[in-house]
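Comments concern the structure below.
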């Protein structure tokens, strides 16, 4: 015995340079070693790879040189080796117990090292920008360095502040009033704040790569919700790009270059349509240019982002400064009013807000243009002469007079409202100290075509409604609280900008919550204060004037800006262009991330792009979808669309956080702790309410789109397991439902077949009878529980990989047949034991199988190995003992596939004994499937001599009527008759064959006891054995009555794995008569002739007396029943598509098992498709509701 000496030297860990495990790939380690010294050489399966040398004294006796991969490697046995070259080969002696599993279970230090070296590669714009610089000098990769301010806070500000603040917020305040506008802004900001809290919890619950909300939702709620909401978020981002472009074009055509309009209308009615056409043309051009810029290079977009952000900040600062300045020196923007109606400033060509003006007389004036008077300009009295020596003044009608009167003459007929009211001018920007906020507190909603009016001014309301030909300021759309919510909400979106950049952040789990929430608080304060400032500084009619017509086409918010309105105009133009570029940059990457996840098959093409990763195809699709938004051409119509998509995205972010919190998943450990499921639930409720408040029909359309995408991914998408919360919810719901099911046995009305399908695999792990699963899918029609099982022969420790392969085969077949269920593979020494264990242990709680489906053991007569049919009979006994129903399809290869529907024919039910009503229920379930839907149903029952067949038929028809099953009814009378010679002879041959096989097995077991079974064929007894087998085969060919279409090449489908050549021996019998499958009728004469011709055959002594035995009387009676029933069934149902009949139970004495198989063969002879049914002992159908 070799003596082993351990050498232990106390050494500090930090003194060992080889102790630091720097390899992140633990699994690449070749093996583990124990450091010990021995007088004997210890052979390892892999070479030791430590270098020699160390702090201690090198001992040659305890170091060995081994050859590995052609290199000489010296391993030192001392533990204080300080020059260890291969760190992975060094293991502390304290881990010797674990060294054999070190390749799959690495050391903690190695794991920590691998985590420390983890780098998060973002999928955002940053690496695309770097990839575009391939030709440039490559720089060393930099670690994420961005902090909270630059990485999260400013990008969120840039994305949240947008076109709505500059173009629509004043209009929202004017229509809703300060109070309701504050309410709208507060609700929307609360929605985003609560969503940001939920998002912060999700974003800090582990590393979040780029992908933003899509990644968070998909990994929290699963691929179905993730794909649906991800696409909705993508559509929202795309339409946001269209909205920003429309906003930029509106600023360009309305306030910067009105003369650039291509389409112009000569009538007031066509001005709106002309404007929309201009928006479409310029919007399409702008979209094309922006798409080309994004296509050429993202780095240019990123470089322009800071400029655009500066424009936004400067514009907002100018608004606040202008509001403060207006308290001391209000800007001059006069608004012309006729009575209380606002006049369009564009229509005042001569800048005179009056009916007439007085001009001094310098030369003769044409009478047709002027009237001379000395009265005040707004007087409606006739002209008079002033005898004073003052210079004469001439009264001239203004441009506004021509708009309201038929001619410029003073005596012409004019509009009644014009005649009864005077012109006046009011300040458009009264200033912060004017107290105008008291008038702007309350709402003033208008209908389409209404005139913008100032309620505090007096006017005569006796006039008819204003005409669109008159120079008033009209509303272009009807306003309401709900509409304004939908239009304003896009101005608070953009809160995901920080999470999208998580790969660039130094500490994402700290920066994302702080930066996002601070940005939302900042923007909320800006919005709320802007509402108050607008209401306190700007006249109400100007606020309600969407396009600034009353202030001569100036941008309304620009009138408040300091030092000039152009600060806001230019700043808002560039900020909206920048936001549009950001949307066109982010949306294609979001689509690319969804496509690369491969959860939506038809989007796979959009996962590809240029060599540097640019999503070219996704950008093309984004441009086309954005063009649809451009063609809508109205900012007020596009805004509610993207409101729906963003709200749905935020709703599911809150849902994800609430679910994870309520389910208390073990992995739910967010670093951000200021969250609660009630906050998430409140945010989800607000999102849902805002969806229906802003536009209920848009909300329904968005939900339908998301639902369709969800179902598409569920049925056709790739299966992903991301540890999502919906899976946790499903587990909780399943647990609750299973516990409820355990409370009691199911009621008869709730009974449905919960199938356990036993399949057999061949030596190549292929399913031998896949039609069994096809039949199961037709029977289930996608409902209830289905478990598909098989048994692998062997030891579990050695056959585990084989079992996994078998399980994958079953899953593939289930997917192919579209069977929803579970698969189970059991490894057992004996197949019958494995099947028994599977039947006992399958299912859980109330979801246990109640019906077993197994195949018929074909060619069981020809097999010298009785295991096939013995396993079958044992399974029948096990199902009976377990009170389970049993279905055995015979000739399963002839059953129709799912693509072969039966156009006509009948399903025949032979109801011989009542065993719970399975025979009634199964045809009804089969006819729910398209394959059997057009088949009729016939029910046959058997009447004996003492039965009243007429009354039986009436009772059966009544029973079916109460069962609500439509079927033809027929009662077959079976008269008592003597046992025929054929029945007697058939029973005799059956018993002789059984006894011969028993003698053969005894003889074989005796040989096996004498010596090696493998050499028994060379012994003298081999000739006798072959003679016995030949006799059995000859007699078998004489006795065989092959059923139509049976597959003799198959073995049993009883759920066991093929055990090798022993299960397929004795296949054919070998003569041409057997190959032609002749059906023979035996008489006494034929039997006597056969005995006479075969009397000289050399048979062993043990078999000669079998020809003179007499059959057992009980077997004769059973054979008589089988023969008579078979005659009746073949006569009535020879043309049926499927025949269902009761399956007799196996004999209580196992010695008659082979006879039982013979009885079943006789019972089903001559039938093409047979389903043997054995009930589980409980009622499965009822007449009661």
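Cβ atoms here come from the backbone N, Cα and C positions, even for glycine.
Note that TrEMBL annotation is computational and uncurated.
Feature transmembrane segment, per TrEMBL, maps to range 674-691 of the set 566-583, 584-601, 674-691, 692-709.
TrEMBL assigns the feature transmembrane segment to residues 641-662, out of the candidate ranges 421-442, 443-464, 641-662. Listed ranges 87-108, 109-130, 307-328, 329-350; the one TrEMBL annotates as transmembrane segment is 307-328. Within the set 225-246, 247-268, 357-378, 379-400, the record from TrEMBL flags 225-246 under the feature transmembrane segment. According to DSSP, the domain 'SLC12A transporter C-terminal' (1116-1185) comprises 32 helix, 10 strand, 28 coil.
Of the Cβ pairs linking the transmembrane segment (477-497) with the transmembrane segment (518-543) and spaced 6 or more residues apart, 3 or more are under 8 Å, so the two regions touch. Within the chain carrying the transmembrane segment (641-662), a Cβ under 8 angstroms from the stretch's Cβ atoms is held by residues 191-192, 194-195, 197-199, 201-202, 205, 213, 216-217, 220-221, 225, 229, 232-233, 235-237, 239-240, 243, 486-487, 489-490, 493, 629, 668, 675-677, 680-681, 683-684, 687-688, 690-691, 694-695, 698-699, 701-703, 706, 725-726, 728-729, all 6 or more beyond its ends.
Within the same chain, residues 187-188, 190-191, 194-195, 197-198, 200-201, 485, 489, 643-644, 647-648, 650-651, 654-655, 657-658, 661-662, 698-699, 702 sit at least 6 positions outside the transmembrane segment (674-691) and bring their C-beta atoms closer than 8 Å to a C-beta of that stretch.
Panel annotation: around the transmembrane segment (617-635), residues 163, 167-168, 235, 238-239, 241-243, 245-247, 250, 276-277, 279-280, 283-284, 287-288, 291, 294-295, 584, 587-589, 591-592, 595, 605-609, 641 of the same chain, lying at least six beyond its termini, place a Cβ under 8 Å from a Cβ of the stretch.
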